[in-house]
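TrEMBL annotations:
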- 94-114: transmembrane segment (TRANSMEM)
- 126-157: transmembrane segment (TRANSMEM)
- 169-194: transmembrane segment (TRANSMEM)
- 221-242: transmembrane segment (TRANSMEM)
- 319-337: transmembrane segment (TRANSMEM)
- 369-389: transmembrane segment (TRANSMEM)
- 466-487: transmembrane segment (TRANSMEM)
Amino acid sequence: LFSQAVFNLLIPDHAADAFSPPRLSEPSPWDELVEWLLGGLSRWDAEHFLFIAEHGYLYEHNCAFLPLYPLSLWAVARGALWPLRRLLRLRSRLLLSAVLLNSLFSALAAAALYELGRVVLRRCRVALLAALLFSLSPANVFMAAAYSESAFAFLAFAAMWQLEKGQSWLSGLLFSLASGARANGLINAGFFLYSRGKRFALQLQVGPGSLRKLPLLWKQVLSLASSAVLMSAGIFLPFAVFQYYAYVRFCGPGTGGDRTIPEPLLQLARDKGYRLAAMDGAKPPWCSQRVPVVYSYIQDTYWNVGFLRYFELKQIPNFLLALPVTLLVSWAAWTYVSTNPRYCLTLGLERNESEEEEKPRDGFCCPAAFVYVVHATALLAFGFSCMHVQVLTRFLGSSSPILYWFSAHLLQEHEPLLWSAGTDNPPSGRSVLGESPGSCGKGTPDNPVVRLLLNWRLITPLSKGILGFFLCYWLLGLLLHCNFLPWT
């Protein structure tokens, strides 16, 4: 927060062609102070979230941003910060709400990632290292700015953690909320489907004696199908309800005159060609589609998002921006597949009695990490081929634990400063800093990331590369994004 204020003060804002709605009231000295201290966190898409929280879904392209995060800003600004209404206008209170909420959500997301790592990897120190790397995320500026990334990361990681603990309904609720924050939350339904499908497949492979004790096969299939449908429907529900809301608002009759729109906002629509609700009685083209989904229409029409559309020579700098995270996640997938080829070929659905002896039961390459590797790989493939590729860093950094788990895994395996005292070359699976794989000591450990940074000259080139990527993107994100300069 301090860095963005300094950068925003020292570096002139770039004249970017970004959404910049007019302010409808004169700022007070306190408003100017808030803008001076926190204005760098209201750039680019943050303007959309703040605008929606203040004015609602006034323009058609605002519907690309799902409602959970703007509703949260609105609730805090008009609730907890209501006593400040005499000092600060609503816009300033919304910006302050974003800073407070994102600080909370980022801390909770780091804690949830740590707990998830403890359950899946069964290595507390690796889980801690991953959570610390998340706190230094290359997507950090988007965790601090008025974006939905921090809220989504918390909800997604917490939902994954609860699912690992067997809390299916709480996990489903958190996944459902996540899909109300970002559209890529819909893919999280795959975690439920895989969990149920794996349990059913393993049950079918038990011995004949145990098979008699199981319910009839058709009852199992019915239970599996109903559970999968209910959970998936719950995850899709917020997104579907919002699409219906957009249809009623922009496609329904007479919705354009339901309230008075301030003239400056009308003028902005005329100047920029923004479509208002039922403007001039003409319905948008997406209203006539068999399944009217405003989200995909906006992505296609306003931002030219589509399969391989970004593969142009002029986009090479953006592909270079996405190269580090692309290489890391691709390397993670290759490492996992090459370590567990049979497990990956059978999708983890084969019961293997000797699996415990053949495979490491903890660490990054453990069987429990399989579904997370598949999830990260699917996100990478979709983002690389169908999205503006430069957003891959924040897309993966706020959605998948693999970026942080694999980075922590590499640091553990290849950085001597993190090995047990007196061990020159620990074998794969040896814990860091002298802790046994399954233990979770209650003492206060030192910070391994700080240890590496303080001994920068002594660490390996691989460690320098990983930490350099995290640090450089952390710093450059603040420097460029907060001044309307292009970034990830």
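Numbering starts at 1 and runs along the chain as displayed.
Glycine too: its Cβ is placed from the backbone N, Cα and C atoms.
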Paired segments the transmembrane segment (126-157) and the transmembrane segment (466-487) in contact, 3+ CB pairs under 8 A: yes
Selection from 94-114, 169-194, 466-487, the stretch that has most Cβ pairs under 8 A to the transmembrane segment (319-337): 466-487
Contact between the transmembrane segment (169-194) and the transmembrane segment (466-487) (3 or more Cβ pairs under 8 Å, separation 6+): no
Chain residues in Cβ proximity to the transmembrane segment (369-389) (below 8 Å; excluding those fewer than six residues from its ends, i.e. six or more beyond): 120-121, 160, 184, 187-188, 190-191, 194-195, 303, 305-308, 310, 315, 318-319, 321-322, 326, 329-330, 332-333, 336-337, 340, 343-344, 347-348, 395-396, 399-403, 405
